[in-house]
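Per TrEMBL, these features apply:
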type     : residues : note
DOMAIN   : 23-63    : domain 'FecR N-terminal'
DOMAIN   : 124-216  : domain 'FecR protein'
TRANSMEM : 93-111   : transmembrane segment
Amino acid sequence: MTRGTGQRAMYAGGIPLEPRVAEEAARWYVLFSSGQATAKDREAWIAWCAADADHQRAWAQLAHADDRMNAIRNRPAYEALSRARRKSTRRRLLRGAAGLLVLGAPAVWLMDRMRFLRISPDYAAAIGARREVVLRDDSRIMLNSGSGIDVNFSDAGRIVTLRQGEAYFTTGHAPAYARLPFQVRTAAGVVRALGTRFNIRLDDDHATVAVYEGQVSLHPGNGSEPGYLAAGHQATLFRGGLGSVRPIAAGTDAWLQGRIAADNISLADFLAELSRYRRGYITCDDAAGRMRLSGLFPTDDTDRVLEAIGGLLPIAITHRTPYWVDVSARRAA
């Protein structure tokens, strides 16, 4: 299912994808949309998705791009998994998902990992939208586009799990919860708040934490030595340790006002950021990707933004499909 597509960068959900991977996902999409997919096709699709995390991301983007793909949720395999995941232990999950064994162990792993087939987070923001969540301790959480969190209050503490995306936290001080620590868990590690306002952005294998008020402690996922971050600073949290502490980058919180702040960044980096706020893909050739861009751009109308940068830079914007936009350098006349 592979053929050459030239030197173009592709972005989906803010993360680069190889054009080859996106093309393969598109072919699977067409097959499933046609209603002619066979059992063998589904087995081949499962194997393709299980082979690479980028395959899963590409498929998830297409699934989000068209609600018709949600019909796959109604298949017996997904229903069996959904019932199983409502049970309280991993052992029960595996017993309840026994019906999935007809598809092989990779199917169980795949269904658990793929974002569009997972049980929904407790709170989520749609692509291109923001959402504010107020917890019962008066904490406020603003979710960025495509972000999701789970919330669990218990005697162990106030625990928020950032499953994907980005969120801005303002911790509450309701007396009934004052003794309970507030912590945010991510795939990279844990952030513990000490009466504060802070932002966490989750990108693949790391989380960028910026503190605007108070202080947080950062705990890498592998249990290595924690660090502390004070107001006005940011650091990157990895499973294996901490990145260097540095001043908060300008424009880090611009998304709270529905903006992307660009300060002489490459067009490639800008398009990667813009792709977080729209469904589908943006491709970009190398010549266009090297161009520089500055400005403040709205996130609520990405088509208008693309049109605007087409007037600022010598580039051509081509809408190949409703979910695929291509950006290329204009050829000299």
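Start at 1 and count along the chain as shown; that gives each residue its number.
Placement of Cβ uses the backbone N, Cα and C atoms for every residue, glycine included.
Any TrEMBL annotation is an automated prediction that lacks curation.
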For the domain 'FecR protein' (124-216), residues assigned helix / strand / coil by DSSP:
3 helix, 55 strand, 35 coil
For the domain 'FecR N-terminal' (23-63), provide the mean pLDDT of the predicted model.
76
